[in-house]
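Summarising the annotation, Swiss-Prot assigns active site, nucleophile to SER154. The active site, charge relay system annotation in Swiss-Prot covers ASP178, HIS248. The disulfide bond annotation in Swiss-Prot covers CYS233-CYS246, CYS270-CYS281, CYS284-CYS292, CYS427-CYS446, and the record cites similarity to another entry as its basis. The feature N-linked glycosylation site is assigned by Swiss-Prot to ASN66, with sequence analysis given as support. Marked as signal peptide by Swiss-Prot: 1-16.
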Amino acid sequence: MLRLCFFISFMCLVKSDTDETCPSFTRLSFHSAVVGTGLSVRLMLYTQRDQTCAQIINSTALGSLNVTKKTTFIIHGFRPTGSPPVWIEELVQSLISVQEMNVVVVDWNRGATTVIYPHASSKTRQVASILKEFIDQMLVKGASLDNIYMIGVSLGAHIAGFVGESYEGKLGRVTGLDPAGPLFNGRPPEERLDPSDALFVDVIHSDTDALGYKEALGHIDFYPNGGLDQPGCPKTIFGGIKYFKCDHQMSVYLYLASLQNNCSITAYPCDSYRDYRNGKCVSCGAGQIVPCPRVGYYADSWKEYLWDRDPPMTKAFFDTAETKPYCMYHYFVDIVSWNKSVRRGFITIKLRGEDGNITESKIDHEPSAFEKYHQVSLLARFNRDLDKVAEISLLFSTGSVVGPKYKLRVLQMKLRSLAHPDRPHLCRYDLVLMENVETSFQPILCSQQQM
């Protein structure tokens, strides 16, 4: 809540621009945020035919909305400056590009624009009521609830939940993008988004220590980088306004990345981020019957696997790169050592492709105990995917700055891709790693018995 207060104080004046040919998202000024705004909801329809020019619709005039097709509602959250969300147009275009559908932008900027956050949050039920009135008319015209999809950002996630609750959870899907935490944390299910609000509820939590909601709210809850500080976002207040909103907005950009086919972000079901980082959560993907869940638009492809769980809910964790498309590529590094004594330490791995590109991963795990003839499997994350690896470099460190330097005697090292399980496993045998000294070698294909 403290960061929210600072966030509001950093807002600056936004000019109004109303001279437009096509209806556009309501643009208000910071003055409007200071004096407050009454609630007014506009529904803006985009279709395959009208991708850039919205049509204003309402419960008495559905316009060119095709009730036989999927309808996706985009619901924004708190707007302390009055400006439109910077991501709204890109999200509309990206959704229409992947599937022919109706996209309805729920513009409640008059109501969400205020410097007093509780005033905005108090209007969420009213917005949900207006949306229900509109959907009721869609149903009269022949639409089906399971063909309705709601994407809610921040406060918008709870609005989507309230709409779903009014239909007893029969909506097809609700996606919550960093659902708002302040004034909702600790509230009972009927006062926030929860799994009973739709047939499938997926959530991305990207700012759980400030503006977002920490606990699980859906059938599957994704926690990028543990749901806390996001790579590429400022770490101190000296980053300006971006410090306050970057982590919160990252949920939207990760969702957008899933629509743009640059890469497929996968996550790993797990009890905690710590267990995920330590490589304990790979019950999906390479070598497994169940694929790993995909983050974003295609998350619902995993719902059939959730039905086998009791309850049908899970948390999933993943890491991201600092820049678009945010994908990290996961590998397992399996090491069998033959030291007489146990060696505890960390491994850094660097890969060089045949094209000369290099990518490095500090395998960020707790100190591993390398015991004689015992295999240790380490999860490594790279921000570049190398199709053909020409050279591998390993560095062993105990993390100690004083005392003797140790050796790690490696009987076998195996590198295997989780993202591409069909790729051949790469091995190296009989290797000695001197502490804090990088050792490079050309890998060979593992023998068939070790695949």
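Note: Cβ is positioned from N, Cα and C throughout, glycine not excepted.
Known features from Swiss-Prot, placed on the structure.
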residue	record	Cβ within 10 Å
ASN66	N-linked glycosylation site	17
ASP178	active site, charge relay system	30
CYS246	disulfide bond	19
HIS248	active site, charge relay system	26
CYS270	disulfide bond	21
CYS281	disulfide bond	21
CYS284	disulfide bond	20
CYS292	disulfide bond	24
CYS427	disulfide bond	19
CYS446	disulfide bond	20
Cβ neighbours within the same chain of the residue listed as 'active site, nucleophile' - under 8 Å, at least six residues apart: HIS76, GLY77, PHE78, LEU177, ASP178, PRO179, ALA180, LEU211, GLY212, HIS248
Secondary structure of SER154 (active site, nucleophile) (DSSP, helix/strand/coil): coil
Pairwise Cα distance for CYS270 (disulfide bond)/CYS427 (disulfide bond) [Å, integer]: 28
Mapped DSSP class for CYS427 (disulfide bond), helix or strand or coil: strand
Alpha-carbon distance [CYS292 (disulfide bond); CYS233 (disulfide bond)] in Å: 27
Other CB atoms within 10 A, centred on CYS233 (disulfide bond): 20
Alpha-carbon distance [CYS281 (disulfide bond); CYS446 (disulfide bond)] in Å: 24
Whole-number Å value for how far CYS427 (disulfide bond) lies from CYS284 (disulfide bond) (Cα to Cα): 23
Candidate nearest the residue listed as 'N-linked glycosylation site' in space, where candidates are the disulfide-bonded residues CYS281, CYS292, CYS427 and distance is Cα-Cα: CYS292
CYS281 (disulfide bond) and CYS292 (disulfide bond), Cα-Cα, nearest whole angstrom: 11
